[in-house]
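The annotation compositional bias 'Low complexity' is assigned in TrEMBL to 1-20. Sequence annotations record features per position, and here TrEMBL assigns domain 'Peptidase M28' to 173-375. TrEMBL lists 1-31 with the feature region 'Disordered'. As annotated by TrEMBL, transmembrane segment applies to 45-63, 419-437, 468-494, 506-527, 579-603, 623-642, 654-678, 690-710.
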Amino acid sequence: MSDANRASSNDDVSASASASGGRGNDSNETKNASYSFIRATTTRLASSSAFIVFVTCVLSVLIDRMTPVRSSAVSDHREAFAERRARVHARTLESGGARATGTPSEWSAFAYVDTTLTDALRPVSLSNATTVERARRTHDGFAGGSWRTTYGGIASLGARIRSARAQREGWEEHAVVLSVHIDTVHASVGGSDNGANVATALETTRALAQRLARVGGDAMCDVEARRCAAVIVMFSTAEEEGLAGAHGLVRTHEWFSDAKVRVQLVLNLESMGAGGPHRLFQARADSDIARRALRAWARHAPRAIGTVLSEDIFNSGVINSGTDFAIFRRYGDVPAILDFAFVERTSVYHTPRDRVKYMRPGSLQHSGENILEFMAYIVAHGGFESETNDERAARPMSWYTIPGYGMVTHDSPRVDSHVVFLAVPLLTLATIIYRTHVGEFFTSRTLSAEETVAHMENTFRALVTTPLVLLGSALAWITAVFVAAAAPVICAYTSAEPNLYISRPLGLIALSGSASFIAFIVTQKFTAKLTFALVPLSEKMKLSDQAWRITEWSLLIGQVVVWGLAASQTTRAGIGSSYAPLLWLVFPTSIAIAPALLTWFGARSRDYDMPSPPSGTKIALSIAAPLWITSPSALLLLRVLQGVGSRVPVDDEAIYLYDGIAGAVIGGFTAMTTSLFAPSLVTSKDDPHQWLRAVKFAGGVLACALVYTLSFMRGAGAQWTTLAPQPLVLTHIVRASSQSAHIVIARAGASTLRGVESVLRENPTVLDSLSMECSANATFDISTAIARGACVVSGNNLYDEMVVTGSIPPSFGEVRSVGRSRRVEISVGDGRRWSVSADKRCVERVAVLSVEIDAPTDEDWVVIDPYERGRATRVILNGVGGDSSARTKFTLWYQPRASTNSSCSEAVRLRADYTARTPSIAKIDVALPKWAVPFGKHLSPQWLALYETLDVS
């Protein structure tokens, strides 16, 4: 070759190399640009998914909380419910003070209701087409079971509207009862509980009477069925005293046993907060009539709202409370019962802050419109037809609210179908893993030796991967809930203040939500790594991202299996709340998951490349409906549990229990919303650090929540506010026989008294003639309970202050033996409220009877189970009297255990409670900080408590 040709060749090579190098640079730039584009796209998708979830949650909660606003023209119509008129009644009742059973303020409230009810019923009273009956009764009896309440002189006031034609023709009559209680605890004026509901009942009765006067009594009848409706409005008392008033109604009131006018439905109006929508939170749905009533409520109440989830939680015992619903269901022959309650601002429940002014405008309008229109519907249809043999009545029923739409009701799945909800997702997961790891299920081709070894290895991989994915999916939930519960407990424990976030739910949501999110994502990332490692090498070597798709699909279906397990177990348990996991199971699988997998499952090709998993946006859209329905319930549950935790007695070992429960609720909700997003977040090949950025962001939120906690928790009691006050048991307790008197300030629930003690000690007017001893380990026996960590106030004049009130102490008579049993006459003084407590370690059984009864029967005895460590040490029997006719003398029967000792010297205690406020109680009450208030509850002592003890050793 010549030099010229050689040079030409070199130039060509150089040019070729230069061109090749240029193409390489262009390729790298293109890859970088593609990577940047993919990263930006995934970031936008993640942001859009988070935005969809956030907007869905916020809007659903806001719409769920809406209350109606009526124009004055509509509200002033005489046949319409008007909140303006109802609030007048509520404020009038509130102005009379606390309406404890048997007190003059309660009698005044009954007088006001009587007068107002007379005016409300005047239109139908003057009509020839309707008849109005009035009944004012007193009731005596004993409510057994867990209540163990003796009652006497308990008042009730009722009115019954009937069709005159039904009485003339002898037609069948079915009554709907509107039931409310008038009484309050001694420490509350009862603006919402239950003055607002009394006002709602009065205004509803007035509007309904106006309608009936216009349309006539024949409009209350179904002429073809020869059936008419009747309306009963019932005002009772002693609901706060072991539900004694409702027991007296169903046991002794003639209207509840009238065969001519059978009670078919009870609408019970209650409150455990202050205002907001009046929610249906319990319903009897175990009969054909009950199911029809529930469906009718959902269809014909203009703003029906509620969820069966609240009933299931209430029945679980997490919320230690009860309403007249329990009595109507257990003792009353009532086919259908609907129980309603206000559940906003639950921290003011049973405190002086339960005022009408704290109820949001529209709260009473919401309640009254629903009750009025529903009752009008029942009346117009002559009640419900008689019971039919509907086999579905034995099945549980689901009912819940779709914000913006209304309430829906449907039968829950059959119990025997629960296997399907778990089996289908589990089979889907197993199929995906087997086909991607092993291949075809059946093959006629003979495998070579190498293929046989590979087949066995891949089969082993599949057998390991399936339980690994299931375990990792379940562990992500468990870890998220545990961490979410632990975070507020640790913060509360560090500050030594339970209920740390009682007035700052957003801080709790940020703390527990971010902690649970981090735990869930990290657990899923660890599972993803192990799952990816078990993917066969042949799948990893493919040019596509097949291995990552297999991993993501495995984790995604693993989460679906968790939802299937939840749906299966709730269905198997036969509870109505099974609708919640079913929503989360059905919507995402049918919208986002099943369409992508069906084509792949149906493919006959041996190429089993997995389809692309659904995008984050598609997942977000598929869970929008479940989120829309369940978000308000989750937030409501959180606020209710926070309020309950501040007033439910707990042992020192469990003082941070409700901090943990509230955190667990947030953790569960966070896991719900994260579960179907997490697989794509931790398996992204294009953006492998996406999960880490999400965790870092959540870590920043967690850090901010911790800084926020430290900033507001600078002093004891800093978590309490005016509308989220610390509830306290404040009582002047006296043992008359020894002239021993103290004032006890005890925590009502999970809290400490450090802040209260500090404020009282800084007030010179409080302790000028008194001394106060507060100790975290101190205890004081208040008969019905042991007050732990209480502040005990002593003074020379405390006994004299009791004497000035004129209150008569309780007393024991002479003890007499009757076989193994003992009998002793007891006097409860002139108190309207009393209790007998018996130590389980010393007494085997106990009974309280009228003095005229010679001996108790087997039904009269309350058998006491042996004491178990960690459980309550006493059994309580209590009593309440409504007026001067109530008994004050009884016979106490008890049988000591075979082995008793000196510790049984005060095994039986008798306490009488009074609403009289001594000067020292009034002084301490006024000196309490604005964020601490007296609290009242069944069995807790009133302002003044006098007690005596009995030696059974």
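Note that Cβ sites are derived from N, Cα and C of the backbone, with glycine treated the same way.
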Segment proximity, the transmembrane segment (506-527) to the transmembrane segment (654-678), 3 or more C-beta pairs under 8 Å: yes
Interface-richest range of 45-63, 468-494, 579-603, 690-710 toward the transmembrane segment (419-437), CB pairs under 8 Å: 579-603
Residues from the same chain, set at least six apart from the ends of the transmembrane segment (506-527), whose C-beta lies under 8 A from its own: 468-469, 471-473, 475-477, 479-488, 491, 500, 555, 558, 638, 662-663, 666-667, 669-671, 674-675, 678-679, 681-682, 691, 694-695, 698-699, 701-702, 704-706, 708-709, 712
Integer mean pLDDT for the domain 'Peptidase M28' (173-375): 94
